[in-house]
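Participant: Next up is a structure, given as structure tokens.
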Amino acid sequence: MESCNCIEPQWPPDDLLMKYQYISDFFIALAYFSIPLELIYFVKKSAVFPYRWVLVQFGAFIVLCGATHLINLWTFTVHSRTVASVMTTAKVLTAAVSCITALMLVHIIPDLLSVKTRELFLKNKAAELDREMGLIRTQEETGRHVRMLTHEIRSTLDRHTILKTTLVELGRTLALEECALWMPTRTGLELQLSYTLRQQNPVGYTVPIHHPVINQVFSSNRAVKISPNCPVARLRPAGKYMPGEVVAVRVPLLHLSNFHINDWPELSTKRYALMVLMLPSDSARQWHVHELELVEVVADQVAVALSHAAILEESMRARDLLMEQNVALDLARREAETAIRARNDFLAVMNHEMRTPMHAIIALSSLLQETELTPEQRLMVETILKSSNLLATLINDVLDLSRLEDGSLQLDLGTFNLYAVFREVLNLIKPIASVKKLHVSLNLAPDLPEYAIGDEKRLMQTILNIVGNAVKFSKEGSISITAFVAKLDTLRDSKAPEFLPVLSDNHFYLRVQVKDSGSGINPLDIPKLFTKFAQNQSTGTRNSGGSGLGLAICKRFVNLMEGHIWIESEGLGKGCTAILIVKLGMAERVNESKLPYMPKMPTNHGQTAFPGLKVLVMDENGVSRMVTKGLLLHLGCDVTMVGSSDECLRLVSHEHKVVFMDICVPGIDSYGITIRIHEKFTKRHERPLLVALTGNTDKVKKENCMRAGMDGLILKPVSLDKMRSVLTDLLEHRVFFEAI
Amino acid sequence: MELVQIQRRLVDYTKSLFMEGFLDAQFLQLQQLQDDSNPDFVFEVVSLFFEDFEKLLNELTIALDQPNVDFKKLDSHVHQLKGSSSSIGAQRVKNACIAFRNYCDVQNIEGCLTCLQQVKQECYLVKNKFETLFRLEQQIMASGGSVPTIELGF
């Protein structure tokens, strides 16, 4: 084999260069093989690298380059064709891959660069967040401090504790050197140092309130930095230290009346206290915004807490006052109750004790009157009787009045005959009036109902009292009594605005006017008339002998009857008019169960018209007695028969409504019996009606009967119808004199 | 006799008594007072009258026999009698009593005696009449009827 010209000696003459090339290639190949390995290794390690494909390419490219260089090593010596072809393949592949890689890198490198930019951006963001985080934390811490401070401040309602706590907590939170509170004095012209943090007992420094710095602080609701040289800030002896920064804030002192939590800025009273806070000197600390905010919030809270404390103090004071008053009232009430009880006991005892002897005196005196007495003795007994009657009336009046005042008196309501009341009053007053030669007239309006519901006894007592007064105080002239149903316009009296009559369907107002022509009353004295025990002194006549209670009692009765009573007079000597208005109930159609007397017309013959009417028949003649009894029995009466006047007097009682007396027998002294019966029954409504039966048509006898006090006279013989009509008339009108 | 006939007889008889003046309206009143609660009222009253009459008659006779007649007492007795008789409606008796009283007033003994006789006579007469009346009534009641009420036409 011919050696080709290209056979290179194993070691050519430039083998140093060759040697270096050889070594370099070797190392390049090594590097080229190790780089992808490293890449693969590290890429496998990091999961996030996004460009794997690129790396594979790169790796391939590098491997191939390395392979190329490696194969190059063989080309230094004589090499076979295979080596050459391998070399060529490798080079071709390498070329391909490198071209592709180059192309790929055009896309990739900008991306990779942008990653860097993003990283920078994120770092910036992170730094910013960190900063903000720091701020928030600071704020939150400040908030915590505020809450804690507020809690401490508001946990007590004691003013001193509040303020002390504020200063202590503020000092702790903000690490202050000194914290002081200046309160305005009472005059409002100065600020006085009230509380400090470090100094235990602050001396009473005062600073005038109208300092420009202070005004500046007061005019703003924010914490204001002030100069340490300001008088309020000069709390410590000036040392060689650099004083720390000072901040002052106003604390509004609220009045109770304008305590509105939403109205902080608009305070009508401009009373402020001043809180001064000093940072430690020589600390080079500055007031931060959040610290200032904290101070402002605390100042507000302190204001609220102080107001609450003030409110509490006020209410405690008020409560104490009320308790005292309560105790006092209780005591007064118990005393009053004791007094009332004592009075009631006294009345109860007196009621019985006074009346018993009175009854004894009156009863025995009247019995004494019946016996044989010399004229002087009779006069004396009469005087005793009169005086004791007067005394009894007085006692009754006083006791009644006490009961009335007590409110324990109640009206006895019942249906009664109104006309009868007036007639009764008239009858009672007529004797006295005729003695004094006074003319009494009664005028009942036609629309006045005959029956009414009310307290008959007390109404009569009242009307009698008024009429009695009229008679008492009139020396001459006339007395007129009018009664009618009052209409609404006449019910008003300008002097009694509290009297408000109310008209209702089943009530009516009875108005009674008693006019006399007597001595009259001075209009100025009129209000006093109705007061207890007040007598009209100016009349001069003291023989009235009354207690002065009469009108007072009348007024009480009238008030109980929901009415009104007053007196009008034009003056002395001009007479006076007493007017009384009372409320009475309207009586429905009178029916049997209500009234004791029933003037019902018998509807058919033989019916009993007077069931249960108790009558007494006195007749010496047996036959006629029997006939009369039969008559009355037939009419349903309950008949008691007596045959003599003694028996009659013995048996007659207030239960008998009518007594029929046969007076035509000469042996009977009808006059005497009548008188005796009148004496026996002093009260008019208890006395039975006395009717004389006679066969005589003797006018003289009739007059005698009337004068003796008989209520009726009937001529014998009496038929059934006649008896019926007589009884009817009698019971209705209480009088029946047959025309002779 | 039949009930109706007896009743008619009674009515006629009563009417005749009124006509003859023995009874007056007062007797009718008495009859009106008789009802179920008082079924024998008239009989009782009349019987009482006659009892009284006997007593009074005695008294009167004794009084008039006295040598010194007490006219007051006499008058009172006669007054009683008058009262009784007028109560039951014995008209004639009453009139006789009135006459008697007049004589008493003038204190005429003769007149009184005469009147006494008259009163006695009238009384016995009316007593008979009453007895007949009551007998008739009893007959009616026994037969189960009811006594008819008289209505006076005059």
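Just so you know, glycine gets a Cβ as well, placed from its N, Cα and C.
For reference, TrEMBL lists these features for the protein:
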BINDING   A:CYS65, A:HIS69  Cu cation binding site
BINDING   A:ASN469, A:ALA470, A:VAL471, A:LYS472, A:ASP516, A:LYS532, A:SER547, A:LEU551  ADP binding site
CROSSLNK  A:LYS716  ubiquitin cross-link
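Map the listed features onto the structure and describe their local environment.
Facilitator: Proximity of A:CYS65 (Cu cation binding site) to non-local residues of its own chain (separation of 6 or more, Cβ distance below 8 Å) is seen for A:ILE28, A:TYR32, A:THR94, A:SER98, given in sequence order.
Under the three-state DSSP scheme, A:ALA470 (ADP binding site) falls in the helix class.
DSSP classifies A:LYS716 (ubiquitin cross-link) as coil under the three-state reduction.
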Participant: Would you list the binding-site residues among A:CYS65, A:HIS69, A:ASN469, A:LEU551 that come within less than 8 Å, Cβ to Cβ, of chain B, in the order they occur in the sequence, writing 'none' if nothing qualifies?
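Facilitator: Out of A:CYS65, A:HIS69, A:ASN469, A:LEU551, none lie under 8 Å of chain B.
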Participant: Among all protein chains shown, how many Cβ atoms are found within 10 Å of the Cβ of A:VAL471 (ADP binding site), not counting that one?
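Facilitator: I get 20 for this one.
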Participant: Out of A:ASN469, A:ALA470, A:VAL471, A:ASP516, A:LEU551, point to the one nearest A:LYS716 (ubiquitin cross-link) in space (Cα versus Cα); all of them are binding-site residues in the record.
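Facilitator: Result for A:LYS716 (ubiquitin cross-link): the nearest of the binding-site residues is A:VAL471.
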Participant: In sequence order, what residues of the same chain, 6+ apart, have a Cβ less than 8 Å from the Cβ of A:HIS69 (Cu cation binding site)?
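Facilitator: Long-range Cβ contacts: A:ASP25, A:ILE28, A:ALA29, A:TYR32.
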Participant: I'd like the Cβ neighbour count for A:LYS472 (ADP binding site), meaning other Cβ atoms within 10 Å of its Cβ, all protein chains included.
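Facilitator: So the Cβ neighbour count for A:LYS472 (ADP binding site) comes to 20.
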Participant: Let me know how many other Cβ atoms fall within 10 Å of the Cβ of A:LYS716 (ubiquitin cross-link).
Facilitator: 19
Participant: Within 10 Å of the Cβ of A:ASP516 (ADP binding site), how many other Cβ atoms can be counted across all chains shown?
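Facilitator: Summing over all protein chains shown, A:ASP516 (ADP binding site) has 26 other Cβ atoms within 10 Å.
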Participant: By a 10 A CB contact count over all chains shown, which of the binding-site residues listed here is most packed: A:ALA470, A:LEU551?
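Facilitator: That would be A:ALA470, with the most Cβ atoms nearby.
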